[in-house]
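Visitor: A single structure is presented below for examination.
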Amino acid sequence: CGSLEDARRMFDKMPERNVVTWTCMISGYSTQGYPSEALTLFHQMQEAGGKPDAFTFSIVLQLCAKLGNLEEGKDVHERIIRSGLECNVFVGTALVDMYAKCGSIENARHVFDKMLERDVVSWNAMLAGYVQNVEIEEAWKLFEEMPERDLVSWNTMVAGCAQNGHGDEALKLFRQMQAFVKPNAESVTVVLLACAGLAALEEGKEVHGVISRSGFASDFFVANALMGMYSKCGSVEDAYHVFDDMQERDVVSWTTIILGYATNGYGKEALGLFERMEQSGMNPDHVTFVGVLSACCHAGLVDEGFKYFENMNQYYNIRPGMAHYGCMVDLLGRAGRLVEAQNFISNMPVKPDAAVWSSLLSACRVHKDIEIAESTAEHLFELEPENAAPYVLLSNIYASARRWDGIEKVRMMMESRNVVKKPGCSWIVVDKQVNAFCGGDRSHPQMHIIYAELERLSGQMKAMGYLPDTTFALNDVEKEQQEQILCLHSEKLAIAFGLINTCPATIIRVIKNLRVC
């Protein structure tokens, strides 16, 4: 009935307690959200001479996992060995789960390999452990070895791929799993994450069809994931249709649609949705205000942005976090008010992180302010010494001002600090296949056609009066070579591939690991 206090009073009055009563009380504390108290009770059980059984140990191992207490987990493991219960399949599975969740994947595998009996739950625990510890290759090997796979197995592997940059593999797995098991709400929610990461709109619509046929559309998590997918694929109209069809909406629903409109450049529409949210009686949370402030950024509404920033704390008792401060710096930066943005950072009550400084540095590039850019970059070099992005951005700012000495200084700094520029890569989905391109790439089977298409497009653009901006290309090569270098950018290769392999008037969506040039 959930009355933990009554249960404890009755427990304390008991003249004798056996393993069942101790375990029930430990389980009660655990399920009611008091893991530390449950663990204390387990120690009291030991001191009172109680002998834990397999069920007791399984619960206690779950507590150790929840608390991330590896040392306590190892101590419990030793007690299990002394009790002769290590070979119990439930205890063994709980040990695998505990070690994995505490980050000791080697110990988890050691226990798993020693288990004399394993069921599908044991295999799933080991599989989840690899995924949680971002060892996707090992997860794949184990998945292939599994004698039996249930819905949990498939969902775990799909989630592992989707959450670790292997969206194409997640989509393939999702299609495969439907021949063996029926997807549930978790399955479609996870695969929508993969579609969003790849901007794979057609595949997302395919999953939407599965959702409609399976009756998951009324699920909050599924509907919110659908809106997120459509928004990240740039289809805010489809996102709004999902939102509009929802019978009930929670704060995540409102926040998702507001963020969707804001990040796709519909700032005023996003603010209109926020007003509707307030009128509906739904209280926004801190993430909602990230969307609201982003909307102000995209719409260039500086004064309104400051009004919402102040209202957060005044009317909703939400203290601004780093993301909100970053939005305000972005807001001022986009408006060209760089000195104000710099002062805003100086007056922040918390130490600004790299994202805040990066917003200011990006604004310096747009507005060509070298002085503020140099001081801003120094903060980023200190915060993220191995991140090449601020070096590259500062170099581009120097290039736009034709400050070749500055470019050389940045290059020498990168060399002396062993900073390596991350190669630009782009992805495009065509006919349910993910195609990846990196800058200067010549490995794709259609590369000769792709380069021919780029040359054709370049010729047409020049005939129409286009002049290539070679400012950011290498300054120590001929102009013709500079123009060729610009054509080798990964997103241009991906776009050319899309033009070749899709019908006229098809929308081409490209995902990139760096900002588009």
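All residue numbers here begin at 1 and follow the chain in the order shown.
Any Cβ shown, glycine's included, is placed from N, Cα and C.
Just so you know, TrEMBL annotations never went through curation; they're auto-generated.
According to TrEMBL, the protein has these features:
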- 18-52: repeat 'PPR' (REPEAT)
- 53-87: repeat 'PPR' (REPEAT)
- 88-118: repeat 'PPR' (REPEAT)
- 119-153: repeat 'PPR' (REPEAT)
- 219-249: repeat 'PPR' (REPEAT)
- 250-284: repeat 'PPR' (REPEAT)
- 285-315: repeat 'PPR' (REPEAT)
- 465-517: domain 'DYW' (DOMAIN)
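Looking at the shown structure, can you explain where the listed features end up?
Guide: Listed by sequence, the residues of this chain that lie at least six past the ends of the repeat 'PPR' (18-52) yet keep a Cβ under 8 A from its Cβ atoms are 2, 4, 7-8, 11, 59-60, 62-64, 66-67, 69, 72, 79, 83.
With helix defined as DSSP H, G or I and strand as E or B, the repeat 'PPR' (53-87) counts 28 helix, 0 strand, 7 coil.
Helix first, then strand, then coil: DSSP counts for the repeat 'PPR' (88-118) stand at 23 helix, 0 strand, 8 coil.
Counting same-chain residues at least six beyond the ends of the repeat 'PPR' (119-153), those with a Cβ under 8 angstroms from any Cβ of the stretch are 89, 92-93, 96-97, 99-101, 103, 105, 108-109, 112, 159-161, 163-164, 166, 180-184, 187.
Broken down with DSSP, the repeat 'PPR' (219-249) shows 23 helix, 0 strand, 8 coil.
With DSSP classes pooled into helix, strand and coil, the tally for the repeat 'PPR' (250-284) is 26 helix, 0 strand, 9 coil.
Using a Cβ-Cβ cut-off under 8 Å and counting only residues 6 or more beyond its ends in the same chain, the repeat 'PPR' (285-315) has close neighbours at 251, 254-255, 258-259, 261-263, 265-268, 270-271, 274, 277, 321, 323-324, 327-328, 330-332, 334-335, 337.
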Visitor: Determine which residues of the chain contact the repeat 'PPR' (88-118) at the Cβ level, with the cut-off under 8 Å and only residues 6 or more beyond its ends counted.
Guide: 54-55, 57-58, 61-62, 64-66, 68-70, 73, 76-77, 80, 125-126, 128-130, 132-133, 135
